[in-house]
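*Asks:* Grabbed the feature section from Swiss-Prot, which reads as follows:
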- LYS115: active site, N6-AMP-lysine intermediate (ACT_SITE)
- ASP32, ALA33, GLU34, TYR35, ASP36, SER81, LEU82, GLU113, ARG136, GLU173, LYS290, LYS314: NAD(+) binding site (BINDING)
- CYS406, CYS409, CYS424, CYS430: Zn(2+) binding site (BINDING)
- 592-670: domain 'BRCT' (DOMAIN)
Amino acid sequence: MESLQDKITHLRTLLRHYEYQYHVLDAPAVPDAEYDRLMGELRELEAAHPELLTTDSPTQRVGAAPLSAFEQVRHEVPMLSLDNAFDEESYRAFNKRVQDRLKSSDDLTFCCELKLDGLAVSLLYEQGELVRAATRGDGTTGENITANVRTIRAIPLRLSGDNIPERLEVRGEVFMPLAGFEKMNEQARRGGQKIFANPRNAAAGSLRQLDPRITAKRPLTFFCYGLGLLEGGEMPRSHMARLQQFKAWGLPVSDRVRLCHSPSDVLDFYHQVEADRPALGFDIDGVVIKVDSLEQQEQLGFVARAPRWAVAFKFPAQEQITTVRDVEFQVGRTGAITPVARLEPVLVAGVMVSNATLHNADEIERLGLRIGDRVVIRRAGDVIPQVMSVVESAEGARDVIFPTHCPVCGSDVERVEGEVVARCTGGLICGAQRKGALKHFVSRRALDIDGMGEKIIDQLVDKEYVKNPAELFELTAGKLTGLDRMGPKSAQNVVDALAKAKQTTFARFLYALGISEVGEATAANLAAHFGTLEALMAADIDTLITVPDVGKVVASHVRNFLDEESNREIIRLLVEKAGVNWPDVVVVKAEEIDSPFAGKTVVLTGSLSILSRDDAKERLQALGAKVSGSVSKKTDLVIAGEAAGSKLAKAQELGIDVIDEQEMMRLLGE
């Protein structure tokens, strides 16, 4: 006789199978009424025997209580973005870069997929069960959207099949099919509710609902396209084979995937998909081209925020014609003056566009643009609106006059020889530059001052409370409570965040200064090379050029910034008066360091409880170690934290020395 547990297990298995048939394969196996009957039977059994209820039951997709806010999630493996190609020439340039880096003239095998126009998400499965879902966020930190993702029936709450890793992080895209989007908007129109401009906005808005019961009513689906974290298991060494493995475990994968063995194969796939785009039933904005071999992917590696082995080959953006009403000039944080066309509003690719960038004076001259002209507007990459051409010059059209003085502060505008950008010379006396510089300084990747949003910065500058980054640290809770929507508790939280932000790293400090052309990766290279602020400030251009990824242009920007007396004074105030500080960066050759880690290739795996992974990495590097992300025959040492998986197993298989976190701390001298 069948036991109660067996009956419940059987019902769950049936329902999961029917969900997969319906939502993933689009091939319903039973009538809706039969599915509803089985679901009702399972709900009754679980209600009568709550001790048998599990979190991966099909009944648990909907019903979680509304959240007050989304929890932040730090990605254990960063979710990187992709570089773009917008035409055949830039795609062929990508292909050549890959061949050159691999030192091969042979045609490579690429796995080509659709570039879905939705929201990138991460799904973490432990022992086959979905335990967490998160947005991509900034690639390092996202938001926990588990309760909402559990309502998407295309996403299995438990994986099926064999050889499922202990921990598996799947990356993919949540999106809304066009039919569901149109039906949802039609219902909203009839009810006098908000309608969404396009399916992407609808998908993003649905996933960011604090009440998962609302998300459950939205017609969302999902395709997976890649792997993040993998522990306690193995995956094939081909991207295509990995997609097939995902499918075998019950994860939805697009059927428009092809292995291409030459550039002509890739272009054929691109043009076929472009032709089929209107009939797909969901929005895409291009195709993604990935080197299929994992070995070659590892050889190619990454640049700062994107892999070298993949590119997003975008479709030509959608275009519309409209009228230029006016041209205004915006001032950025580095003083760059950008002309912006104010347009007769027009719908382009599902978005109402009323402004478009004109880039610079040369672009206005190239276009021959005048105020009143009829122009072609394009959303480049389907995102940033820009003016492409003039199609009709109106009677009475007015010339665009580029300002000789800053429209914000009145300072002179200059154009440096060799640069196309005109800049305000006002520096931090310019309100626009001041706002931009302060917003950059407090941003997450810079000093990461929690609670210091754009609207607060705008008020601080408008009220003349803050004129430079150093003055942020002089703010009091009393002064902050004078700002709009800033109560005593919020004000104190900002003051506390400012105090906390004084403890930073040399690399973050350099990035926060907002030196032109110095991004995160360049700031990290400068910090590692010079070690101290004094050494960097004394470096001439020839010395700066010796830093990895720093060319003559970047070196000139760094030197010019540091030569400016007002910038040097702000740096002095930040360090000496405000007390911004960071751990010493010791720049010593590995062979000169007396440390058990000196000159060793070290891999960290599992969860650390004493130090964060970033802190451990910095400490090891300071002692001359090279910290790698993967185990190979070249690895000297593996440091295993809790729940260490496949890396630990591989290290043991290769006979590599393994220590735990406690031993690492002892060797660090703690």
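Numbers here mean position along the shown chain, with the first residue as 1.
Quick reminder: no glycine exception, Cβ is built from N, Cα and C everywhere.
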*Asks:* So which of the binding-site residues is most packed in, judged by how many other Cβ atoms lie within 10 Å of its Cβ, out of CYS409, CYS424?
*Replies:* CYS424
*Asks:* Measuring Cα to Cα, how many angstrom lie between CYS406 (Zn(2+) binding site) and ARG136 (NAD(+) binding site)?
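*Replies:* Approximately 38 Å lies between the Cα of CYS406 (Zn(2+) binding site) and that of ARG136 (NAD(+) binding site).
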*Asks:* List the residues in the vicinity of the Zn(2+) site, defined as same-chain residues other than CYS406, CYS409, CYS424, CYS430 with C-beta within 8 angstroms of the site's C-beta centre.
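*Replies:* Counting only non-site residues, the set is VAL331, GLY335, PRO407, VAL408, GLY410, SER411, THR425, GLY426, ILE429, GLY431, ALA432, GLN433.
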*Asks:* Where DSSP helix means H, G or I and strand means E or B, what are the helix, strand and coil counts for the domain 'BRCT' (592-670)?
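*Replies:* Counting residues per DSSP class in the domain 'BRCT' (592-670), I get 27 helix, 18 strand, 34 coil.
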*Asks:* Enter the number of other CB atoms within 10 angstroms of the CB of LYS115 (active site, N6-AMP-lysine intermediate).
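*Replies:* 20, counting other Cβ atoms within 10 Å of LYS115 (active site, N6-AMP-lysine intermediate).
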*Asks:* Helix, strand or coil by DSSP: which one applies to GLU34 (NAD(+) binding site)?
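*Replies:* Its secondary structure by DSSP: helix.
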*Asks:* Sequence gap of 6 or more, Cβ distance under 8 Å: name the residues on the same chain that satisfy this around LEU82 (NAD(+) binding site), in order along the sequence.
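*Replies:* VAL288, ALA306, PRO307, ALA310, VAL311, ALA312 - these are the non-local Cβ neighbours of LEU82 (NAD(+) binding site), listed in sequence order.
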*Asks:* Average the pLDDT scores across the domain 'BRCT' (592-670) and report the rounded value.
*Replies:* 81
*Asks:* Among the binding-site residues CYS406, CYS430, which residue has the largest number of other Cβ atoms within 10 Å of its own Cβ?
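*Replies:* The most densely surrounded of these binding-site residues is CYS406.
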*Asks:* Per DSSP, LYS115 (active site, N6-AMP-lysine intermediate) is which: helix, strand or coil?
*Replies:* strand
*Asks:* Do any residues at least six apart in sequence from ARG136 (NAD(+) binding site), in the same chain, have a Cβ closer than 8 Å to its Cβ, and if so which, in order?
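*Replies:* Long-range Cβ contacts: MET79, LEU119, ALA120, VAL121, SER122, GLY142.
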*Asks:* Using CYS424 (Zn(2+) binding site) as the reference point, find which of the recorded positions GLU34, LYS115, LYS290 has the shortest Cα-to-Cα distance to it.
*Replies:* LYS115
*Asks:* Where the distance is taken from Cα to Cα, which of the recorded positions LYS115, CYS409, CYS430 turns out closest to GLU34 (NAD(+) binding site)?
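*Replies:* Comparing Cα positions, the candidate nearest GLU34 (NAD(+) binding site) turns out to be LYS115.
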*Asks:* Could you tell me the C-alpha distance between CYS430 (Zn(2+) binding site) and LYS290 (NAD(+) binding site) in angstrom, no decimals?
*Replies:* 45
*Asks:* When neighbour density is defined as the number of other C-beta atoms within 10 angstroms of a residue's C-beta, which of the binding-site residues GLU34, LYS290 has the lowest density?
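*Replies:* Fewest other Cβ atoms within 10 Å, among the binding-site residues GLU34, LYS290, is found for GLU34.
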*Asks:* Return only the integer: C-alpha distance in Å from CYS409 (Zn(2+) binding site) to the residue listed as 'active site, N6-AMP-lysine intermediate'.
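*Replies:* Given the Cα positions, CYS409 (Zn(2+) binding site) is 44 Å from the residue listed as 'active site, N6-AMP-lysine intermediate'.
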